[in-house]
Amino acid sequence: MILFLIVLLPSACHCADPDPLQDFCIADLKATISVNGFPCKPVSEVKSDNFFFDGLAKEGNTTNVFGANVTAADVLAFPGLNTLGISMNRVDFASGGVNPPHSHPRATEAGVIIKGKLLVGFVTTANILHSKVLEAGEMFVIPRGLVHFERNVGKGKAISLTAFNSQRPGAVVLPFTLFHSTPPIPNDVLTKAFQNVGDTLAAANDSVPDHDLVMYALEGLPPDYEAFVTSITNRVEPILFPELRSRLLIHEQRIQQFHPIVSTDAHQAFFTDR
Ligand code: GLV
Ligand code: MN
């Protein structure tokens, strides 16, 4: 019996993508059949370029409500990863930007800070938060499936590179999963599940210094708010967040009035919805 269990154990503990059965298998993303992963392109069509990817060289656009951008180098972006069980991300952070709480159902994550200073944290299944502020060159690991986040706590921009033991780690991004699913999770389920969250968030918000909120809001605004940002930053008296918020609302209303067809940038929704 013990021998039987020992024989079974390695396969029962298999916890990353399956091993490849050939040197490489460049994903044919257009294949009509579906397998666990992607079918391979015919070897005769494989080129050197299939093994190289420059997508992580480019800075991501952090002009969004989170002030962060994830550029994925997974099998969908880089088909050469197919069957190799690995992938990477580049995450760019604006000042104060957050990679919101999320988990990767299919991979453990290892990361290194390339630039800036990040608060990195994950929560165990026993609800213990492990977190630390890391600087360039320092590493972190997030065990598979656990909820984690990063926040830029440095002065300027920050960048991290992350690696996964899956060609497609997947991401469950909690704010989207919980509040933007299709169709939505029924309201009564969310209301019952998050009874005290409103108060907790309000209390947490009170503890963020006002000038941090102002900086975060200004730095996250899109380029067409440049004149607005300049007028606020040139003030002699520093502005408080509630005043900034109402000025932004007035500014947006004026834009709507004079240019009714404006971009549906996430920041507008962020401010007008609140
Ligand atoms: C960071 O958490 C990432 O998923 O790249
Ligand atoms: Mn992650």
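Every residue, even glycine, has its Cβ placed from backbone N, Cα and C.
In TrEMBL, annotation is done automatically, which means it is predicted and not curated.
For 1-15, the entry in TrEMBL reads signal peptide. Per TrEMBL, the feature disulfide bond maps to Cys25-Cys40. As annotated by TrEMBL, domain 'Cupin type-1' applies to 54-203. Under the heading oxalate binding site, TrEMBL lists Asn89, Asn99, His104, Glu109. Feature annotation from TrEMBL assigns Mn(2+) binding site to His102, His104, Glu109, His148.
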Do you know which of the binding-site residues His104, Glu109, His148 has the most other C-beta atoms within 10 angstroms of its C-beta?
His104
Hits among Cys25, Asn89, Asn99, i.e. recorded positions with CB under 6 Å from ligand 2, come out as none
Set of same-chain residues at least 6 away whose C-beta sits under 8 angstroms from Cys40 (disulfide bond):
Gln22, Phe24, Cys25, Ile26, Ala27, Asp28, Asn82, Thr83
Quick check: in three-state DSSP terms, what is His104 (oxalate binding site)?
coil
Measuring Cβ to any atom of ligand 1 with a strict under-6 Å cutoff, which of the recorded positions Cys25, Cys40, Asn89, Asn99 qualify?
Asn89, Asn99
Can you tell me how many other Cβ atoms are located within 10 Å of the Cβ belonging to Asn89 (oxalate binding site)?
23
Between His102 (Mn(2+) binding site) and Glu109 (oxalate binding site): CA-CA distance (Å)
12
Taking the Cβ of His102 (Mn(2+) binding site) as the centre, count every other Cβ atom within 10 Å, in any protein chain shown.
19
Span of Asn89, Asn99, His104, Glu109 as binders of oxalate, largest Cα separation rounded to whole Å, comes out at 14
Just the number: how many Å between the Cα atoms of His102 (Mn(2+) binding site) and Asn89 (oxalate binding site)?
14
Cβ neighbour count within 10 Å, max among the recorded positions Cys25, Asn99, goes to Asn99
For the domain 'Cupin type-1' (54-203), the DSSP residue counts stand at 26 helix, 59 strand, 65 coil
Could you name the residues, excluding His102, His104, Glu109, His148, of the same chain that surround the Mn(2+) site, i.e. Cβ within 8 Å of the Cβ centre of those residues, in sequence order?
Ser103, Phe122, Ile142, Leu146, Val147, Pro169, Ala171
Around the oxalate site formed by Asn89, Asn99, His104, Glu109, which additional residues qualify by having Cβ within 8 Å of the site's Cβ center?
Val70, Val91, His102, Gly111, Ile142, His148, Thr162, Phe164, Pro169, Ala171
